[in-house]
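Undergrad: Pasting a structure below so you can have a look.
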Amino acid sequence: MANTSDSLSVLKSLTPLGTVTTSAASSLLTVKSSKAISCKKSSLATAQLIRRYHTLNKELSKCLARIESSKANDNSSSHGHSQNYSQQDTAADLARITEIRQEMDDLGGLDMYQKASTLGQSKQRGGDSSKWLVPILESHYLQLNKKPGLPLRLLDIGALSPYNYQKYSSWIQTTPIDLNPQDPLIAKMDFLEMPIPTDREHLFDVVCLSLVINFVGDPKQRGEILRRSTYFLMPGTGILYLVLPLPCIQNSRYMDHGLLVEMMQALGYTSLLKYHFARKLAYYAFKLDAAVAAPKNKHKAHRSSENVAHPLFPKKLRHDKPNRNK
Ligand SMILES: C[S@@+](CC[C@H](N)C(=O)[O-])C[C@H]1O[C@@H](n2cnc3c(N)ncnc32)[C@H](O)[C@@H]1O
């Protein structure tokens with residue numbers, strides 16, 4: 001842990017542009033290190049912070065889900081707590097939730113996580129993920145553009161920067177949103193609460209979910225975000241751009257490329273236009289089937305904590321190997 005906190009202190013001293021902001025960390029950087037060492041340190045710190053934040057976020061969602069599902073059970077039966085989840089379990093989960101939130105705050109919260117992710121996006125580490133998408137949009141431009149003369153409408157969910165598509169602004173108009181915007185040009189918005197377009201004019205040609213699904217700790221919310229994306233896209237032509245860390249696809253016990261494609265098909269993403277596995281990330285471009293329509297009861301199609309009694313894709317072991325992620 002000593003290493004982690006040392007690295008974190010270096011990270012905390014850096015803005016996304018690499019400017020030192022605290023004197024303690026400044027001396028750490030200037031006294032100890034050449035540019036190369038500080039870069040290596042901040043890169044290590046970035047990766048450690050992101051990893052730890054994800055782990056905490058996932059654990060937090062699990063604790064919250066257990067409490068929610070026990071409440072739901074209590075409401076539906078008169079027997080009080082189920083035998084599997086006692087009052088002590090609730091107390092233990094509540095205590096753990098407090099600890100997790102404290103540790104997340106100590107790390108700097110979502111804001112620090114986003115700054116670390118922005119560092120991860122910076123040019124020397126490969127840039128943002130718009131690079132992979134743009135050639136696909138170019139090659140599908142004629143099918144995508146139903147309104148000649150107007151730019152494509154792109155919804156960037158979980159955008160760290162509003163400038164990812166700036167170079168292409170003559171033909172791509174971006175709507176960047178985030179829970180905690182890092183720039184005034186990004187709208188503060190929870191996609192799970194974003195009003196569903198009621199007419200074709202407000203639908204999008206492209207929805208981007210780059211490194212967002214893996215950020216969300218609760219599997220039900222992950223599914224809900226993917227399902228909801230279909231209500232924002234132009235049926236028949238709309239493209240969902242999904243980016244995931246490669247281990248989510250290649251090193252999970254429960255998920256792989258085949259299952260992801262099946263799940264996406266079930267949502268209406270029946271054509272996989274293109275995919276690519278890079279060193280660290282998996283890139284997917286799916287096209288939305290023409291038959292997909294928004295739900296009748298739009299108000300139900302938002303953040304859902306309801307229990308799914310019969311999930312279409314129950315959690316099932318697919319790769320029983322000890323070195324795979326759980
Ligand atoms: C790893 S960062 C994304 C990075 C960026 N898109 C990229 O490709 O590097 C994940 C972002 O998703 C945002 N996010 C997560 N759930 C969201 C939601 N329901 N609505 C809007 N933004 C969300 C988080 O606030 C966070 O900034």
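Backbone N, Cα and C atoms are what each Cβ position is placed from, and that goes for glycine too.
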Undergrad: With TrEMBL as the source, identify the stretch among 124-152, 298-326 annotated region 'Disordered'.
TA: 298-326
Undergrad: Any same-chain residues 6+ apart from D178 (S-adenosyl-L-methionine binding site) with CB under 8 Å of its CB? Would you list them in sequence order, or say none?
TA: Q114, I157, G158, A159, L160, I186, A187, K188, M189
